[in-house]
Amino acid sequence: MSNKRTTTKDESLPQAEKEAVIPDEIFQMTADEVNRKAKLLENETKVLRSEHISKHLEMDSIQKRIKENNDKLQVNTQLPHLVANVVEIIDMVLDGETQPSKCVVVKASTRQTIFLAYPGIVDVDKLRPGDLVGINKDSYIILDTLPPEYDSRVKAMEIDEKPTEEYSDIGGLDKQIQELVEAVVLPMTHKERFESIGIKPPKGVLMYGPPGTGKTLLARACAAQTNSTYLKLAGPQLVQMFIGDGAKLVRDAFALAKEKGPTIIFIDELDAIGTKRFDSEVSGDREVQRTMLELLNQLDGFSSDANIKVIAATNRIDILDPALLRSGRLDRKIEFPLPNEEARAHILQIHSRKMNVSADVNFDELARSSEDFNGAQLKAVCVEAGMIALRRGGTELIHNDFVEGCVEVMAKKKKTLEYYA
């Protein structure tokens, strides 16, 4: 009777479900074998259930430890950190290990040198000697990498506002503009043209000439045309009181230029640090010479096809050290003479184009009457003419205003200019 009931119950199930629920081998077993099989499955289920529970407990324990470690990490990574420099990275086999691992030696700002067998939470492969890192003040493990440090005086040399000067703002310097474009602008904007010919562009340019002839103005216009970072260094700024301070400024300036590239470094008044070397027992003279040697080293330290160009300006090329002028450093020398008559007329027109000028102003005659004027003095003529027109209550500048302006500037102009190193 029981067999009939079982068969009836089995026939009421779908064929696929019946095969999934009861394997064929079960029907070939005796009742004792079925009971024994059921007990084995029940024991196996209990074992799996206990393993499942233990795994859950183990997972909860791991999650708890992860949370505790994250909390500790968050506490330990809170500022402030100690600042340290990476001194050395060592590959060595630690106790209990078979494979070599990377260890780090750091020098903290507290003047301690620390060996870290386990560096910390940063990627050691990305660390380099000299890198700046933040370390925990208690365990000294490395928590973060810091950006490179530059002298604050060097950062102040970077001109944040992009130069707005254009070549059209410069008069009488067409040849000089062409030479500067070939030496500085083209290598930065059309590098492939030099590569196709197979020549290397010059590293730097030396502009020399009397004051007020447009050297700084042309350097700013050049930086504006290349859309590059513009670092302006003055020679007297690099002469510092402490030994090695000026050389560090030069070193940091070139390091900042490499990071911010493409960059134009403009060194004004180069004769302040670039004078010919001589024997001296005065420590100040030796420090100036050390600064110049660092400048020579930095000029040799980057290739001519790098995105760094050096433009130097001086009034006294005759007192510069020959090592600065040799090929491979400041290759191109561009002279800025006093403007001729045609150039003076062009400069006067440029500086007066935004003024309300009468049509009877003869710039050619003004150019003839302003012989030996430089560009800055010609600009002063236009300013003086405007002040004279204001003084007489006029609304536009007439020719006589410019003539009186020339007389005013001529009266202030020194007859002889002497420069001392």
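Each residue, glycine too, has its Cβ placed from N, Cα and C.
These features come from Swiss-Prot:
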BINDING   G209, P210, P211, G212, T213, G214, K215, T216  ATP binding site
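Each of the binding-site residues T213, T216 was ranked by the number of other C-beta atoms within 10 Å, and first place falls to T213. Fewest Cβ neighbours within 10 Å among the binding-site residues G209, P210, G214: that distinction goes to P210. Applying an 8 A CB threshold to same-chain residues 6+ apart, the list for G212 (ATP binding site) reads N374, G375, A376, Q377. Candidate binding-site residues: P211, K215. Fewest other C-beta atoms within 10 angstroms, P211.
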